[in-house]
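Summarising the annotation, TrEMBL assigns signal peptide to 1-27. Sequence annotations record features per position, and here TrEMBL assigns domain 'Peptidase A1' to 81-435. Annotation source TrEMBL lists active site at D99, D315.
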Amino acid sequence: MGPARSLASAVAAVVVVLGLAAASVAAAEGNVVLHVHHRFRGRRQMLGAMRSHDARRHGRLLSAVDLPLGGKGTPTDTGLYFAKIGIGTPSKDYYVQVDTGSDILWINCIGCDQCPKKSNLGVELTLYNPNGSSTAERITCDQEFCTSTYNAAFPGCKPDVLCPYNLTYGDGSSTAGYFVEDNVILHQVTGNLQASSMNSSVIFGCAAKQSGGLGTSSEALDGIIGFGQANSSMLSQLASSGKVKKVFAHCLDNTNGGGIFAIGEVVQPKVKTTPLVPNQAHYNVVMKAVEVGGHVMELPTDIFGFGGENEAIIDSGTTLAYLPGDIYNPLIKEIMAQQPGLDLHTVEEQFSCFKFVGSVDNGFPVVKFHFDGSLALTVYPHDYLFRYHDDTWCIGFMSAEMQSKDGKDITLLGDLVFSNKLVLYDLENQTIGWADYNCSSRIMVKDEKSGATYTVGAHNLGSNSELVSPSIAAVLLLLAAVLCNFML
């Protein structure tokens with residue numbers, strides 16, 4: 001990645017609010033309204049759907065490492081989170097999956113071959129038409145964005161040849177097209193619980209052809225918006241133009257189903273951080289140890305490699321948490337040791353479940369993952385255990401043998417373990433961190449231009465609710481039925 005430009009003229013943080021409403025909503029003056037929705041409503045009863053979603057995502061995660069653009073995004077499903085954004089002049093609304101790892105924004109375009117025409121998610125799909133926007137410009141192969149994206153001059157390039165993109169995912173699905181530059185409408189924070197529209201020119205993919213699940217899914221969306229580290233991501237483009245700092249955060253509320261997704265510097269709450277592993281396509285961190293019920297697990301000496309470490313991918317777009325067998329098996333053994341009378345049985349041919357009456361927080365141990373820099377991730381029983389039905393509970397930790405290109409075991413941590421935590425991605429300092437937090441409350445973001453700090457809040461509303469005036473004590477930042485999934 002190139003160095004970040006000076007932020008002396010940068011504007012306030014951009015905020016995305018997460019919610020579970022089932023229909024589109026109206027915005028009252030002064031509120032933040034990048035509408036974000038959650039697809040897995042009542043997800044604790046949808047374990048099979050979650051595992052299926054994650055399985056497809058894992059195939060893409062492992063194959064994405066070698067893709068030219070580092071592109072991620074769930075290839076055959078909408079993922080956990082999707083947002084409504086405005087693109088073009090005049091602006092039209094598009095529903096896109098929010099993915100914390102993808103490196104580009106792409107939208108299905110007019111004339112697209114095999115692009116979905118309808119969705120069962122309750123949203124109206126719209127094909128983007130560059131000819132219908134007065135601010136749209138097609139990117140040609142000789143332009144800097146194209147050559148920098150491919151790290152070389154494009155073979156056979158002529159001035160009138162469009163800059164192509166082509167992403168192939170782990171299950172064989174693919175999206176292909178060309179790059180376009182147009183206005184994207186965001187909502188910058190301008191005061192406590194207040195925001196105003198901000199137009200920013202962004203280069204994104206115009207999908208001309210889809211294959212596999214991307215073209216046939218009944219739960220389709222208009223595209224994917226990536227928050228990855230590459231220079232081609234929307235976040236990197238906004239940062240290079242001085243619009244925002246290259247920092248974002250999310251807070252997912254699995255109790256009330258809402259939360260906050262913010263671009264910009266978060267000043268409150270403070271979080272402890274750990275370094276990102278350099279030169280990785282995803283958000284990788286070094287994991288040092290696993291603790292159960294107050295004591296560190298005794299694991300094989302080679303499980304964390306020669307340096308006593310194992311890499312973990314932080315990905316809010318994945319639902320569950322996936323561990324190498326050498327970690328998973330002793331972990332489950334220690335968790336269940338506190339309830340020796342329980343019998344584990346398999347549900348849906350993949351989930352370890354048991355009957356239990358009472359408070360799981362009182363009956364099972366807290367699990368902690370320890371990372372480089374003395375950062376710990378605390379996972380409570382109510383986080384890693386799912387109520388399947390009645391008194392049947394299932395374990396959200398899953399066994400999966402995944403490895404990096406150099407043969408290291410990889411742990412994949414999804415929103416199962418990051419719910420009710422503020423997760424901060426600081427790409428300028430190449431760190432990531434988190435803190436336990438009430439995701440239905442508020443955070444503070446900094447306006448880089450003035451130095452002022454502003455309150456950003458979130459609330460989960462019903463499908464018929466509307467945003468109200470910010471003069472009300474708790475501004476309700478709205479959406480409709482969500483992020484990526486990334487979000488990690």
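Note: Cβ is positioned from N, Cα and C throughout, glycine not excepted.
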By the count of other Cβ atoms within 10 Å, pick out the sparsest of the active-site residues D99, D315.
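Relative to the other active-site residues in D99, D315, D315 has the fewest Cβ atoms within 10 Å.
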How many Å lie between the Cα of D315 (active site) and the Cα of D99 (active site)?
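Here the two Cα atoms are 9 Å apart.
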Determine the mean pLDDT over the domain 'Peptidase A1' (81-435), rounding to the nearest whole number.
86
